[in-house]
Amino acid sequence: MTLRQPSILAVMSIPPATNQAQGPAIHVQGLEKSYKELRVLRGVDFDVARGSIFALLGSNGAGKTTVVKILSTLLKADAGTASVNGFDVATQPADVRESISLTGQFAAVDEILSGRENLVLVARLRHLKNPGTIADDLLERFSLTEAGARKVSTYSGGMRRRLDIAMSLIGNPPVIFLDEPTTGLDPQARIEVWQAVKELAEGGTTVLLTTQYLDEAEQLADRIAILHEGRIIVNGTLAKLKQLLPPAKVEYVEKQPTLEDVFLTLVGAGGKDGDADKGSHDHKTTSNKK
Amino acid sequence: MATHFLGDTAVLLGRSLRHITRSVDTIITTTITPIAMMLLFVYVLGGAIDTGSVSYVNYLLPGILLITIASGIAYTALRLFLDMKGGIFERFQSMPIARSSVLWAHVLTSLVANAISLVVVVLVALLMGFRSGAGVLAWLAVAGILILFTLALTWIAVIPGLTAKSVDGAGGFAYPLIFLPFISSAFVPTDTMPGPVRAFADNQPVTSIVNAVRALFAQQPVGTDIWTALAWCVGILIVAYIFANNAYRRRIS
């Protein structure tokens, strides 16, 4: 499947247009936000290095989405500062918006338009030349070429999410926010999204990812921060986080395949193209196993 | 960012116009109620209504046109609400576009959709015997008043579109607006109404708009009605625009 073909990636990963050099890609200090009485964020601090994947981990309602909304200029913080790509979110929101892309919790796609029209729409709104070419390239890269002319309302959840992420890549913004990108996806679609995220970071894009799945953070992130009760309680690499607990004991356990292993083996993880598209006409011939 | 306003609005307008061309049912449901009412009143009730020398369909059409607009703008609230709910609104807001474009695109889409609905209703009225000797200028004046009225009601519709908690809430506000023409000169002359009702009917916006449009169609002097009508439309437009933009600002900050 095209997502896994490095050659195409190399062509696509043009360096970010608006580079503000130096400093962390995201800098957050003392961020506070309340909804009426409810204090969602009580002083959040973290930095995200350029080109890295940073996972913000937390249970439902921990405030992950609130952080993302503040960073993407959709919400104003009550206190604290935040900057993205060197621009302050409160005082330079227009510059921040030039530097970012947001993939929210719910796939932000237009159901009535086709996949291609969605991509063209975003390319036009980003004032890019050749929106049609950009759209076709992304359809190809996300294995949506054949579904490109269909209305998005006929897409499966995984295809919709892929389109959503593809829309976020238009214009090569240096920072991408992914708010729970795999919630509600089947295991196979989830792996496809992970692959796309990894390739993004390899291309130099900074990714801030929120998730409630621990394995997702483990799979993807260079650094992981746990947001709990409005504060970051730990922040570090996976290895560092593991050191917080007593060293591993050696035990001998018979390893049974998990249901996920069984599922992925049976349906041919990564080999099958497209998505579990329930028998519609989304067959493709490019099935290279990794 | 202001430099992108026109371009961004045009792109987003193209998007929501596609919504209309791909769901023609919204045009049909917009026009079906006014057309049904027109049939009912002209062929069932109209015979018993005394409108003097004017044929009843000629008398009725201006009010029916306003009802068409009132039911059409409910879709603006609905489309806006669905954008907000679906996440695409947040995507637009996090992109480097002129932020007011998002609202203006919906408002202009409403103008186009309502214009199509109005043409359909007028064509049906012509089939039912509506005739007007009005010249080009009078038709332009009618179009101008209807455009202003549509703009005013559309900006009202933007408010529930931005603030509603449910789909029903987003669409439900239109019912009182559809009902308003009944207590006006739209269906019957106001002379037979009892005092307080008549006072309300004579002084609410629909009556002056209906009277002005009717006079223009009948090639009669429009008198002061047209100024009252314009004042109402512009007044409602300004107030609704301010409230809608306040709601929008609260929504995006």
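Just so it is clear, glycine is given a Cβ too, placed from its N, Cα and C backbone atoms.
Annotated features, as they stand in TrEMBL:
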DOMAIN    B:25-251  domain 'ABC transmembrane type-2'
TRANSMEM  B:27-49  transmembrane segment
TRANSMEM  B:61-82  transmembrane segment
TRANSMEM  B:103-130  transmembrane segment
TRANSMEM  B:136-158  transmembrane segment
TRANSMEM  B:170-188  transmembrane segment
TRANSMEM  B:226-244  transmembrane segment
Candidates B:27-49, B:61-82, B:136-158, B:170-188, B:226-244; stretch with most C-beta pairs under 8 Å toward the transmembrane segment (B:103-130): B:61-82
Contacting positions for the transmembrane segment (B:27-49) when only residues 6+ beyond its ends and CB under 8 Å are counted: 20, 56-57, 60-61, 64-65, 67-68, 71-72, 75, 113-114, 116-117, 120-121, 124-125, 128, 178, 187-188
Same-chain residues near the transmembrane segment (B:136-158), Cβ under 8 Å, at least 6 residues beyond its ends: 65-66, 69-70, 72-74, 76-77, 80, 103, 106-107, 110-111, 114-115, 118, 173-174, 177, 209, 212-213, 216-217, 219, 226, 229-230, 233-234, 236-237, 240-241, 244, 247-248
